[in-house]
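Peer 1: This is the structure I have questions about; it appears just below.
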Amino acid sequence: MTPFSCLPCARSTTSPDAFLLRYPHLRLPKCRHYEPQLPKIENLMLRPFQVPTRPYLPILSLRNSRRTHPCANISSFAEAEGGKEQDDEAIHLGTRQEDAKPNEEYLPGMAQAFNISSRTASAIAISIAFAALTLPFFMKSLGQGVGVKTKFLSYATLLFGFYMAWNIGANDVANAMGTSVGSGALTLRQAVVTAAILEFSGALLMGTHVTGTMQNGILVANMFQGKDTLLFAGLLSSLASAGTWLQVASYYGWPVSTTHCIVGSMVGFGLAYGGAGAVFWTSLARVASSWVISPVMGALVSFLVYKCIRRFVYSARNPGQAAAAAAPIAVFLGVTGISFAAFPLSKSFPIALAQALGCGAVGAVLVYNLIRKQLGHLLEKSASSHSEPQESTTQTKNLGLLSDVAGPKGTQLEIVYGVFGYMQVLSACFMSFAHGGNDVSNAIGPLAGALSILQGGASSAEIVIPNDVLAWGGFGIVAGLLIWGYRVIATIGKKITELTPTRGFAAEFAAASVVLFASKLALPISATHTLVGAVMGVGFARGLNSVRAETVREIVTSWAVTIPVGASLAVLYTWILTKLLSFIL
């Protein structure tokens with residue numbers, strides 16, 4: 001039988017107070033902090049008037065639980081000679097390595113994921129539900145001076161939009177924070193709080209104020225002129241169907257594209273109620289091609305980035321100093337490219353380029369000072385104590401990009417992972433902020449279109465989005481992230497391949513670069529698919545066996561069925577909504 005341990009022994013276990021609150025009929029024995037010998041499960045004292053009807057071994061078997069230390073220390077990522085990286089987290093937690101492997105089937109609840117009591121988790125969920133039901137009454141978008149029926153439909157529309165935004169937060173936020181949690185750069189609680197702030201800020205400050213009624217150019221707008229009621233039902237059904245599939249995918253931890261969910265819903269609605277001529281088939285073909293282009297490009301770039309890290313950082317005479325020197329350069333290139341391509345500060349090319357270079361220089365200086373401040377003592381220690389024989393320099397010159405390089409150890413390893421840990425957190429913060437500004441339109445685009453049709457009868461090609469609707473979408477994303485976001489984060493960070501700060505940074509940097517440049521070149525790309533491919537590419541760099549084929553198979557299958565499932569649900573929901581609207585209006 002598997003023994004207990006208390007919270008001071010290992011943070012992966014259930015605390016005595018939380019355990020007794022859930023199972024009051026079981027008396028939790030004292031751990032080795034109080035008694036020299038830890039009793040086994042069969043020695044538990046049961047109250048005579050309460051006998052359990054089934055064994056509690058799946059709950060009490062803590063060695064096989066996926067809950068591990070929320071932020072593993074540097075020893076968790078120690079590398080053995082020859083470049084083979086072994087997971088010492090099991091040793092760090094006092095368990096055997098084979099027992100510490102993640103259970104592919106198990107996903108913890110919200111309370112277990114955040115290491116909080118079930119009462120606190122329930123209180124958070126109830127508070128969010130109460131806010132979602134009451135806040136629409138204080139929004140200007142609910143409609144002022146309109147009839148009761150219009151207000152009721154506006155209220156229902158806002159709830160549909162919240163449902164879609166909630167599922168975007170539950171599924172898509174893993175794009176930004178999954179690798180940081182998987183590598184140990186951030187704890188799950190830190191990642192969720194950081195992402196919640198940045199996602200909401202991005203949605204409110206950078207969310208587009210203009211959206212197309214026909215989302216993503218999938219449907220021909222002329223086919224629905226004069227059919228406002230049908231178009232209103234179609235927009236609501238697209239939110240409901242996309243949200244339903246996202247919820248199913250999030251429950252199983254599958255990272256799917258929210259944009260593709262909306263596309264599938266629009267296609268189903270257009271085919272059923274507008275015919276084959278209502279769909280831009282070339283746009284649909286571009287979306288389908290991204291299933292191949294996105295993960296392949298992400299995997300290729302991340303493979304090369306990780307190999308470059310191993311070749312030019314790990315094989316250096318002083319890997320710690322090499323990592324500290326490479327970090328400002330990488331930040332300069334990344335911030336400059338992002339500022340110039342994604343957020344140009346001027347329409348004039350020379351001015352925009354100069355401003356982007358200035359932003360990159362500022363970012364590089366800040367990262368340089370941060371690394372020197374946080375890791376300066378380790379850098380000085382490594383510089384004073386480091387001495388390599390001349391033969392090592394000759395061997396380094398003969399290494400190729402694809403050569404297997406032994407990883408650093410001790411202080412050098414701590415510096416390397418510390419540097420890349422900071423860089424990974426910075427890249428995750430940027431991706432989270434950008435995601436809030438970009439993907440919130442998947443929820444509020446159809447929402448704003450439906451409100452405009454309902455309240456003003458407008459079905460024009462472009463619709464202005466009010467600020468309160470942008471904030472409403474941001475709130476929905478944060479709510480979904482808090483309640484269910486950990487599920488897909490577990491898949492991205494843990495289930496595809498084992499991640500360390502260097503691998504996590506390689507995956508995030510590659511994904512961000514591919515999405516950025518592919519978008520500027522108008523290539524069909526999906527951020528979710530690109531990141532999954534990037535994580536796989538890092539795994540392939542360590543060997544084919546480092547990628548879990550079963551997890552990849554499940555993810556690819558969920559991608560393939562996204563559009564058909566969304567289309568089918570949209571047809572069903574549109575039929576139901578048209579029947580309901582015929583009675584209401």
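Each Cβ is built from the backbone N, Cα and C atoms, and glycine gets one as well.
Per TrEMBL, the feature transmembrane segment maps to 120-140, 152-170, 191-210, 230-254, 261-282, 288-309, 321-343, 349-371, 415-434, 469-489, 556-576.
For each listed feature, how buried is it and what is near it?
Peer 2: Tertiary proximity for the transmembrane segment (120-140) is limited to same-chain residues at least six positions away from its ends with a CB under 8 Å from its CB atoms, namely 109-111, 114, 154-155, 158-159, 162, 466, 468-469, 472, 475-476, 479, 482-483.
When Cβ-Cβ distances below 8 Å are used as the criterion, the transmembrane segment (191-210) is approached by residues 114, 169, 173, 176-177, 180-181, 428-429, 432-438, 440-441, 444, 462-465, 467, 470-471, 473-475, 477-478, 481-482, 485-486, 489 of the same chain, each at least six residues removed from its ends.
Within the chain carrying the transmembrane segment (230-254), a Cβ under 8 angstroms from the stretch's Cβ atoms is held by residues 107, 156-157, 160-161, 163-164, 166-168, 170-171, 213, 215, 224, 261-262, 264-266, 268-270, 273, 442-443, 446-447, 449-450, 453-454, 459, 480, 484, 487-488, 490-491, 495, 554-555, 558, 562, 565-567, 569-570, 572-574, 577-578, 581, all 6 or more beyond its ends.
Sequence-distant neighbours of the transmembrane segment (261-282) (same chain, 6+ residues past either end, Cβ-Cβ under 8 Å): 214-220, 223-224, 230, 234, 237-239, 241-242, 245-246, 442, 445-446, 562-571, 574.
For the transmembrane segment (349-371), the residues of the chain that approach it from at least six positions outside its boundaries are 324, 327-329, 331-337, 339-340, 418-419, 422-423, 426, judged by C-beta separation under 8 angstroms.
Long-range contacts of the transmembrane segment (415-434) within the same chain: residues 74, 77, 173, 175-177, 179-180, 183-186, 191, 194-195, 198-199, 201-202, 206, 309, 313-314, 319-321, 323-324, 326-327, 330-331, 334, 338, 342, 367, 370-371, 374-375, 378-379, 382, 408, 500-502, 504-505, 508-509, 511-512, each at least 6 residues beyond the stretch ends and with a Cβ under 8 Å from a Cβ of the stretch.
Within the same chain, residues 233-234, 236-238, 240-242, 244-245, 249, 252, 254, 256-257, 260-269, 271-273, 284, 287-288, 291, 529 sit at least 6 positions outside the transmembrane segment (556-576) and bring their C-beta atoms closer than 8 Å to a C-beta of that stretch.
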Peer 1: Report yes or no: does the transmembrane segment (152-170) come within contact of the transmembrane segment (321-343), defined as 3 or more CB pairs under 8 Å with a sequence separation of 6 or more?
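Peer 2: Touching, no - the transmembrane segment (152-170) and the transmembrane segment (321-343) miss the threshold of 3 or more Cβ pairs under 8 Å.
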Peer 1: I need to check the long-range neighbours of the transmembrane segment (288-309): which residues 6 or more away from its ends have a CB within less than 8 Å of a CB in the stretch?
Peer 2: 401-402, 420, 502-503, 505-507, 509-511, 513-514, 518, 523-526, 529-538, 540-541, 559-560, 563
Peer 1: Checking distant contacts: for the transmembrane segment (469-489), what same-chain residues at least six beyond its ends satisfy Cβ-Cβ under 8 A?
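Peer 2: Tertiary neighbours of the transmembrane segment (469-489) are 107-108, 110, 113-114, 124-125, 128, 131-132, 135-136, 139, 141, 158, 161-174, 177-178, 181-182, 188, 191-192, 195-196, 199-204, 207, 209, 249-255, 436, 439-440, 443-444, 447-448, 451.
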